[in-house]
């Protein structure tokens, strides 16, 4: 996310891209959704989930349109550079050469589509992978670019804090209990406090912090180096994730089918909407990774339809996961990390399955943590980078990795309330990335495209929400969400 134009990579079919996008969106946020559903009530949760899914789809089409406009501008600049080079090389050309060049220059002054020969690619074809940072540099002024990177950095800090808390929290829940020897995990009516004993004199919070320290020592050093997620590791973690989700849904359905469901969720409870909103926004987050995902798709003819199909499938999956959870488990017994509800012997008889589900977040999150950390570090470098300048070795190799790693670890040290961490990250930084940035990107790219190519040029990847009303509506919704969440937090604190 350093904001550069990067290699497109190996091409894949549109349906493979659909699967990749599904895997990208459905992540850690899905594991915190059941508790948020139970807290806010099933009807309010369903309505908000569908509406936020629709809003995420709208801004996803905005980003795709901006990607196409960025590709067209890059092609136009390459044509201009080529013309300048040809002008320099032909300064001593004959009169006939001059005549040919004059004709070419007159053609260059027409809109770009008029100089496209038959069979040449559409100027708005998405072939160059232009990351969001580069699009911000193309369409925003300096203040806008800095605000973009600030928003991305805050979101990535929240991401790392969630990851840093989720792994030790899962390990603590699996290995600790009130008595210290209960291998079946959390019982239905058991409420644990951080001060309860874990092993001998060690409290649960002590075990959590020990696991956090081990997690930081093992994965923190990767922040100081370059690391990327390999194809095979991605396949392995995706396979583990879908096995875990499938097992949880099936187990919950079996209990409900056998009339063992304990959940009686309310219809609506507006006190839980704040966290639900943040969790849902976080769970639909994909806009910042769309360039890496969409560009390698070989055929983009029906791209918008495929993206819409993906969102429908994701909505159905989130609904199935959350509704089976809230009707299978009592609302007060649902854990921040849904997998931990299956650590009970009366839910899962096989110890291997209990430990797999309990430790599943540990494996998947541990593979993502170094990637997110390196991405955040690179964004810090890009934010402070000056043209032609280089960083001293200490700043480049020590300062930037340190300011990347320390804050999220400190947040995780202070709290392991995953629902609140996900809610706040989604409600603030998530709102900026998912709503504000795409809306401003598409607004400025449309204006620049009209100036550069004329009114008659059509962007083949233009969003179906092409009226300016939708840009204003998205920004108004983002502002309303910011006010609502902030007011809700303030009112909640004053009641304590």
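The first residue you see is number 1, and the count goes up from there.
Using the three backbone atoms N, Cα and C, a Cβ is placed for every residue, glycine included.
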Check: residue 169 and residue 450 same membrane side, Swiss-Prot record: no
Residues flagged as transmembrane segment in Swiss-Prot, choosing from 171-191, 234-254, 255-275: 234-254
Segment assigned the feature transmembrane segment in Swiss-Prot (from 107-127, 422-442): 422-442
Considering the transmembrane segment (307-327), which listed stretch of 37-57, 205-225, 277-297, 422-442 counts the most C-beta pairs under 8 Å: 37-57
Secondary structure content, the topological domain 'Extracellular' (328-354) (per DSSP, counts of residues): 14 helix, 0 strand, 13 coil
Tally of DSSP helical, extended and coil residues in the topological domain 'Cytoplasmic' (376-397): 14 helix, 0 strand, 8 coil
Contact check, the transmembrane segment (205-225) vs the transmembrane segment (37-57), 3+ Cβ pairs under 8 Å, seq sep 6+: no
Long-range neighbours of the topological domain 'Extracellular' (32-36), counting only residues six or more past its ends (CB under 8 A): 45, 272, 275-276, 279-280, 283, 318, 321-322, 325-326, 329, 331, 334-338, 418-419, 422-423
Tertiary neighbours of residue 193 (N-linked glycosylation site) (same chain, Cβ under 8 Å, six or more apart): 204
For the transmembrane segment (234-254): best-contacting stretch of 11-31, 37-57, 147-167, 422-442, by Cβ pairs under 8 Å: 11-31
Leading stretch by Cβ pairs under 8 Å, where the reference is the transmembrane segment (398-418) and the options are 11-31, 147-167, 277-297, 471-491: 147-167
